[in-house]
């Protein structure tokens, strides 16, 4: 295992440990005291805890170990190692953070707090290249083979876990749990995909030179010119392609409209941009591991 000699590997392991500890603390301090549910293996653990009173630390370890065996062939060696670290830390932290508690008179506040902290925790672990174990492994498999985003996969699995929990915690708490999981998925998305969503714009216009020059001058973004050809007209076109920050969109739209109100414009959301002009950077080794 050559990667164990890498400094980046140990930084990632530290991120996995911190994120997993925060997640376990959230379960003990927010979720259980407010009788909320959870998704994935943690939700199954809570179901057994509420029903039979079994130690969550032990149940969590057993369930995560089973799911890790299921996902063993689908994860890379590095990811497996990170997941094992997370699984052990999760069990130990669940055992030794039981003294912390945050109970709010307003259960919505507790649900939102739980969602923010859970999303932050899982986001840290994911950026470290691991998972908190459990059904996150299944979510990674869904991403790899079905193209479903990690957060969307988690939300789907979590819903399937929360449904039977309703019998134990009641409909109101189940709804609050879904709110918590929704908040968690949004926070996770922000952490994995970035806090500043990007937009890509494709522009087909006879005024492409003027539009490109104006965007370059006023918005200061690089522009790619592509050669295109209309299928019906067989006319050659110069197509402009640009990626911008969301707050720059209005300026670009105004420029296009002023120079060519009849321009054909396509605007799409971009999940992540890596490269010149954008700050997020991954090493070649990390690109394989990161979502």
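In case you wondered, yes, glycine gets a Cβ from its N, Cα and C as well.
Because TrEMBL annotations are produced automatically, they should be read as predictions rather than curated entries.
Between the listed ranges 109-133, 209-233, TrEMBL ties the annotation transmembrane segment to 109-133. Among the ranges 12-36, 237-261, the stretch that TrEMBL annotates as transmembrane segment is 12-36. The list of residues near the transmembrane segment (173-192) in space but at least 6 beyond its ends in sequence, with Cβ under 8 angstroms from a Cβ of it, reads 31, 34-39, 107-108, 110-112, 114-116, 118-120, 122-124, 126-127, 149-152, 154-155, 158-159, 162-163, 165-166, 291.
Assigned with DSSP, the residues of the domain 'DUF2179' (221-275) fall into helix, strand and coil as follows: 14 helix, 24 strand, 17 coil.
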